[in-house]
Amino acid sequence: MSSLQWYYSHKIIILTSLLVVSLPAVIAGACTCNDESEHRSKSEALKYKLSSIGAVLVSGGIGVSLPLLGRKIEALRPENDIFFMIKAFAAGVILATGFIHILPEAFDTLTSPCLSQNPWGKFPFAGFFAMVASIGTLMVDTIATSFYKKMHFNKIKQVNVDEEASDEHAGHVHIHTHATHGHAHGAAIPDNESGVLDLVRQRIISQVLELGIVVHSVVIGISLGASDSPDTVKTLLAALSCHQFFEGMGLGGCISQAKFKSLTTTVMTLFFSFTTPVGIAIGIGISNVYEENSPTALVVEGILNSASSGILIYMALVDLLAADFMNPRMQSNVRLQLGANISLLLGAGCMSFLAKWA
């Protein structure tokens, strides 16, 4: 539990740092690229902004909570076939979020005419930062898994040493019986170790996935909260509500498989649910000084969106889809494969459709 607390404390520091970096960006000087033809009304937009806080909070909370009901509803438990299809749908949503929604937005932001041609117009920085974030996620994934494996094996070794010392102290010197016992004990360990390591893996996946989602949620929340266009706010309100619901399902499925304790599950659920509303609130607070087309704001937003897309694409393909679709249970069940593939396409299609308005 102390390791999880250590991880979360560092994650909170990282996210706080991102917000601190973002705030100077949103108060940077104005650029002449603003669209003056767009209808703007602060009082009217504020009504929709306040409504969006509640709507996004509720939709995200419901989405992330549904897979967690598997602890209460037998049909939604991870060992059932329906859970594979729900998770495939959610993975499709996350994959489309990275490819269709966030990455193109990052390209548009980092190639804006408000930015100088040199260097932003001469190199595909959005793709570069997405690639770096994907590689960084792989490194974190590998190092964290290795760290937890070593911790677990050290505990196993310590337990075995203590057992042998206890046996010798008690005078168990019957060689044949002790060897037989040792053989039986050794045969039982791999299954237990496999289960523990799989659980550790699921916990790392759920935490890294939440980090990738949260970064983008803060950015898009600030964008909504800072906008003075009622039409823009209304469009984002509808899109974000569905967006948070589907992303919540994906994250909730990972949290459910990770089998965290109730407190950790509650913290992760609330952390996801409140991130976008907090971003909206920050956007409302800084709306008087926010200039969405200022060079610094565009660069910071573009880099954060690029990194977020890289994390989500990696997690969707490697940790969610590859892990489930290569699972022996799915490989041996044609109907389950068909259902999971259809669910994947539906999830990706729904999110791609929503990206048109987001």
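Glycine is treated like the rest: Cβ placed from N, Cα and C.
Note that TrEMBL annotation is computational and uncurated.
Residues or ranges marked as signal peptide in TrEMBL: 1-29. Per TrEMBL, transmembrane segment is recorded for 52-70, 82-103, 123-148, 267-290, 302-322, 334-355.
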Task: Check the transmembrane segment (82-103) against each of 52-70, 123-148, 267-290, 302-322, 334-355 and return whichever range has the most CB pairs under 8 Å.
output: 334-355
- prompt: For the transmembrane segment (123-148) against the transmembrane segment (302-322), do we get 3 or more Cβ-Cβ pairs below 8 Å once near-sequence pairs (under 6 apart) are dropped?
  reply: yes
Query: Can you name the far-off residues of the same chain, 6+ from the ends of the transmembrane segment (334-355), with a Cβ under 8 Å from a Cβ of it?
result: 81, 84-86, 88-97, 100-101, 239, 242-243, 246, 321, 324-325
